[in-house]
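Data block below; observations after.
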Amino acid sequence: MAEKGEGEETIEGRKVRAMWDLEQKLDQPMEEEAHKLKNMQKEKGLTTLMLLRLAFQSLGIVYGDLGTSPLYVFHNTFPDGINDTEDVIGALSLIIYSLLLIPLIKYVFIVCKANDNGQGGTLAIYSLLCRNGKLKLIPDQQRSDQELTTYGRTFLPEGSMAAKTMNWLEKKESRKRALLIIVLVGTCMTIGDGIFTPAISVPASVLSATGGIKVNNPQMSSDTVVIVAVLILVGLFSMQQYGTDKVAWLFAPIVFIWLLFIGGTGLYNICIYDTSVLKAFSPTYVYMYFRRRGRDGWVSLGGILLSITGTEALYDDIAYFPLLAIQLAFTLFVFPCLLLAYCGQAAYLVKNKDNYANAFYESIPDSIYWPMFIVATGAAVVGSQATISGTYSIIKQAMAHGCFPPVKVVHTSKKFLGQIYSPDINWILMVGCIAVTARFKNQNQIGNAYGMMLILNHIKPLTDCLGIMMKIGTAVAVVMLVTTVLMVLLMLLVWRCNWFLILVFTVLSLMVEGAYFSAVLLKVNQGGWLPLVIAAVLLVVMLVWNYVKIKRYEFQVHSKVSMSWIIGLGPSLGLVRVPGIGIVYSELASGVPHIFSHVITNLPAIHSVVVFVCVKYLPVYTIPEEERFLVKRIGSKTFRMFRCVARYGYKDLQKKDDDFENKLFNNLFSFVQMERMMEPVSNSSNSSSASICSQPHQSREVLINNNDMDMFSSMVDYTVSTLDTIIPLDIPSNAASYCPDRAVGEEETNELEFLKSGRDSGVVHIQGNTVVKARRNSSLPKKIAINYVYAFLKKICRGNNVIFNVPHESLLNVGQVFYV
């Protein structure tokens, strides 16, 4: 008996050691992946040389718009002339503190930190909020989603102000929808900015290049300017397909030289004309400016606002470059150059206040006038790149949140995953820019763009020049206000900042941006209404698409087939099971979709293997390949039915070369092997024990009985049930396998062979071709939105068969009509 007990202890010790080794092998890849993801952004800035390179490239993508503001700010601030030179000092003080508070402090050092692992924009903040609360309008969250390595979440203490605020938002759908609308308003305004900035900056540069600022050219017609501008726009947008990296290397030197020129010229003008302008760094001159000018000073804020246009695009473009590179570029180079440029112009205007209309070009020394002129022309074209690049990133995020129809998005860099390009959106932007440019011709406003209004003798008076810039100013002010509102929620619910810091941030932001917004509202009738109209159209498109998507999901949830009905049909499902694999696409992550019941009630046969696939987007920036697929079995093994959930973040792309089908089957095969490895063995004498089957060079074996399996399952944190358990499939090739009777079980081998045989027999992708229509008793706006707007969008957008590269000969569309 003693010898037997001693032998049992030896076997028990070997079993424990074997379980520990297997757990470590199964768990190790996840730890490595988590470590890699955690340090992804850090790896981009490991070397000083790489950081400097990216900071230099960011000049051409991020800071072109902000860097060209000195061309037109002072003229638009004083459209009727300068009455008192002290007003110049006051305006300069406003510019200095606007640059200090908004781009530098708020955006570069606060807002840009609210990025979702490198992804910026209002939708990135929305993703962070949704991840920390149940704020998504589509309730498809699962417990397994929170276990992702990229799913960071903050748990709020019960009874805290943050918890009460989150509970208040979660209680009613109307509050969730209001939050989404606020986010989409900022998103649509940013996209509208992407249309207007090229449409204004390019014609302005054409005017500058063809006529010269100092030369009147009455013979040159506006038709010529429009044609040349359109050609430049076509070239600018055609260039985008080569990727951010190549475009940045082309544009960055132009912006770099431009900033050096305006900074150096500003320093020269300060020394030559009037060094006393440096007293504008005292905030008292802001107060004196408003006290002296009154309402006119308030109205002039519309011109001051133009000094910070491009700041909103800075936040959207952080997806293309590391945050540290953007911070270094602005703090050490862009910000000082802009301050010198504005101070230099102010010094010139103090001594030459009658030259306010062309202060920038008039203040350039004659020796460098033409080089400066050429660089300014190029910089004006490059200035629109920030909004163009930001639009691609915004659209990709909107698609992932179910707020925009699927369009083609491609990666343009193998080194930096955030650098993307959308050909569909690119050409839509180009057409929009050309349309806006042509509209300038019709209103004879093109000469007013960016303050260059003296080239044509037949243009409107100088007092109209602010209207053209208010098209951009309106969008900028709205985007900044929306960002402030979302940042307050983020600081309270996610960052959990001290209430005093939140209060200071809110008061300062709303005080500055609210004043700017009120000023641009006065100029809505001078052109500021156009971006509002474009943003409204985009908002309708996004809301309609999101509304129908929610209704479709609710329809699938309510009409899904019960498991009892499926099981009651038996393993054959009441049909003939023919060789092959049927992949049924659905938006449901659990349950059997209605489309399947539609198939089996209308067809006499079904495939021998059925896989339900749900493609799901989560409010995270990316999901590692090892964690992308979740697989489970539906019914018993004789049913041969599986469910697979393919999870994506808003940064992930379904590329043509991804081979989605092959990855799906690899994970399915791994699931079968893993399931057999984990499940309890039967009570028969032959299967009451099992072994740990190692690699060929290993010889360690242990016996495990049924009771030991419970300990094994808890150690590796896996459980398996027949119907509803999801098993992660991050199993390395060199991991030990749990095999009954020291070999792969005959049942497992037969099932794997059956699956492979079914795949060889043919794979059919079954998708629902749902036609959505409004009910007959619906209101007229709803009928227009559903029957016309959504139907048109559905017709022109990409389908799942295109996204997942499904061959036409393997596609089966099942038609359904769904009334909303």
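The backbone N, Cα and C atoms fix where each Cβ goes, glycine too.
As recorded in TrEMBL:
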type	residues	note
DOMAIN	54-458	domain 'K+ potassium transporter integral membrane'
DOMAIN	472-566	domain 'K+ potassium transporter integral membrane'
DOMAIN	579-817	domain 'K+ potassium transporter C-terminal'
TRANSMEM	46-64	transmembrane segment
TRANSMEM	88-109	transmembrane segment
TRANSMEM	178-200	transmembrane segment
TRANSMEM	220-237	transmembrane segment
TRANSMEM	249-270	transmembrane segment
TRANSMEM	322-348	transmembrane segment
TRANSMEM	368-395	transmembrane segment
TRANSMEM	472-493	transmembrane segment
TRANSMEM	500-522	transmembrane segment
TRANSMEM	528-545	transmembrane segment
TRANSMEM	565-585	transmembrane segment
TRANSMEM	605-623	transmembrane segment
Secondary structure composition of the domain 'K+ potassium transporter integral membrane' (472-566) [DSSP: H/G/I, E/B, coil]: 82 helix, 1 strand, 12 coil
Mean of the pLDDT scores, which run from 0 to 100, over the domain 'K+ potassium transporter C-terminal' (579-817): 71
Leading stretch by Cβ pairs under 8 Å, where the reference is the transmembrane segment (178-200) and the options are 46-64, 249-270, 368-395, 565-585, 605-623: 368-395
Contact yes or no, the transmembrane segment (249-270) and the transmembrane segment (46-64), 3+ Cβ pairs under 8 Å, gap 6+: yes
Folded-back contacts onto the transmembrane segment (322-348), same chain, C-beta under 8 angstroms, at least six residues removed: 41, 44-45, 51, 54-59, 62-63, 66-67, 69-70, 73-74, 88-89, 91-92, 95-96, 99, 103-104, 108-109, 112-113, 115, 118, 259-260, 262-270, 272-275, 277-278, 280, 307, 314, 355, 359-360, 362-363
